[in-house]
Amino acid sequence: MQPISNSLGGGRESFSLAIALSNLVYGLPLVGIIADRSGSCWVLAAGGILYSLRLLALSRAATAAGLQLSLGLMIGLALSATTYVVVLGAVAQLVPASRRSSTFGIITAAGSSGMFIIPPLAQFLIDKYGWQATLVALAGVSLIIVLLAFGLPNKPGRQDQTETAVPNEEPFIKTLQKAKGHTGYLLLIIGFFVCGFHVAFIATHLPAFLGDNGLPSFAGAGALSLIGAFNMIGSFSFGWLGDKLRKKYLLSIIYLGRAVVITTFLLFPISQTSAIIFSGAIGFLWLATVPLTSGTVAQIFGARYLSTLYGIVFLGHQLGAFLGVWLGGRVYDATGTYNLVWTIAIGLALIAALVHLPITDSRVTAVSPTATN
């Protein structure tokens, strides 16, 4: 945040708005619909190419307006085609329902390895070569996405291979009608909104927050890397537990845990030790929500249109991400601290812990106006 905002001007709110716009755009569910209808392979490959090109464009941004366009809109569009929405939707049709949550956990953990590796590497490159050259290097690395995309099916799944007891080829519109009338599905969206608020705010503003409290720049990059490392453990662990226990209760535990972790972090003086402990703890709970939330959607509605249905839930996540990132910058520029946003994050975590409890997670078989216990 600081190198780019210092170079282009506009303060933290300007950079935060660009990140917020990016989060909002890449949460649009359109790519999920395309993946369900046309196959995931080409969607992911196109996203990888566009992402690389937009990183190159961002490296040449000279104004805050250019930052908003490159980072906020175009990179967000590219990322929308490379998210878990596309990948999990494809994989869900290839694995048994009994192992779906753990498989989603493995995929989420694997995706988190990038967060473990990239932040310290990027910080090293920024310190040595500057942020523009670093973006060029990352643009080259992102082309790997294109090669890996061809490991996914290049045609949409024709059936949910693991749930033959329930009709699997229901019309697309009918499936959406079921989701619209399912209160539990709407509660999942609310919960995932909170998840997005947390992870986007922390990922964007934690390094600056630590710097404001006197920690060196590498502490911020190290904190994000540590979050990524523990996220791999947490995502895999909760994904595995999701095949054994009720997912909705695990989600409540995760959000309650976040409230406890954030509160504890703020109660003690900020130091390298407290930053390490916080990063490890919040990292363990970071994206552990992904295999459980996506797994719950698949459990309720089946896997055939998971990219679309989870994509809609993911839009809620990204709306929360937009608010968390932008509000962090806005509040900081107005008050000089992040205290209000941290407090909001704690309150939202407690709300999310509660809203998952009444969710009915059994498979729906007909359009139902409500679906809560």
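Backbone N, Cα and C define each Cβ position, glycine as well.
For the domain 'Major facilitator superfamily (MFS) profile' (1-364), the model's pLDDT averages out at 85. Sequence annotations record features per position, and here TrEMBL assigns domain 'Major facilitator superfamily (MFS) profile' to 1-364.
What TrEMBL lists as transmembrane segment is 15-35 (among others).
Residues annotated as transmembrane segment in TrEMBL: 42-63 (among others). Counting residues 6+ beyond its ends, the transmembrane segment (42-63) has Cβ neighbours under 8 Å at 8-9, 31, 34-35, 69-71, 74-75, 77-82, 86-87, 131-133, 135-136, 138-140, 142-146, 148-150, 152, 154 in the same chain.
The feature transmembrane segment is assigned by TrEMBL to 69-92 (among others).
If you look at the transmembrane segment (104-126), the same-chain residues 6 or more away from its ends with a CB under 8 A from one of its CBs are 3, 84, 87-88, 91-92, 133-134, 137-138, 217-218, 220-222, 224-225, 227-229, 231-233, 235-240, 242, 286-288, 290-291, 294-295. Among the features that TrEMBL reports, transmembrane segment is placed at 104-126 (among others).
Feature annotation from TrEMBL assigns transmembrane segment to 132-152 (among others).
Residues or ranges marked as transmembrane segment in TrEMBL: 184-206 (among others).
What TrEMBL records for 218-242 (among others) is transmembrane segment. Sequence-distant contacts of the transmembrane segment (218-242) (same chain, six or more residues past either end, CB-CB distance under 8 Å): 101-106, 108-110, 112-117, 119-120, 122-123, 202-203, 206-208, 210-211, 250, 254, 272, 275-276, 278-292, 295.
Annotation source TrEMBL lists transmembrane segment at 249-270 (among others).
Residues or ranges marked as transmembrane segment by TrEMBL: 276-297 (among others).
The feature transmembrane segment is assigned by TrEMBL to 309-328 (among others).
Look at TrEMBL and you will find 340-359 (among others) tagged as transmembrane segment. Counting same-chain residues at least six beyond the ends of the transmembrane segment (340-359), those with a Cβ under 8 angstroms from any Cβ of the stretch are 183-184, 187-188, 190-191, 194-195, 197-198, 201, 205, 248-249, 251-253, 255-256, 258-259, 262-263, 266, 296, 324, 327-328, 331, 372-373.
Of the candidate ranges 15-35, 69-92, 132-152, 184-206, 184-206 contributes the most Cβ pairs within a distance under 8 Å of the transmembrane segment (276-297). Residues 17-32, 35-36, 39-40, 43-44, 46-48, 50-51, 53-55, 57-58, 61, 100, 103-104, 107-108, 111, 145, 152-153, 157, 290, 294, 298, 303, 306-308, 310-311, 314 of the same chain lie 6 or more positions beyond the ends of the transmembrane segment (69-92) yet place their CB under 8 Å from a CB of it. Most Cβ pairs under 8 A with the transmembrane segment (184-206) among the ranges 132-152, 249-270, 309-328 are made by 309-328.
The stretch with the most CB contacts under 8 Å to the transmembrane segment (15-35), chosen from 132-152, 249-270, 309-328, is 309-328.
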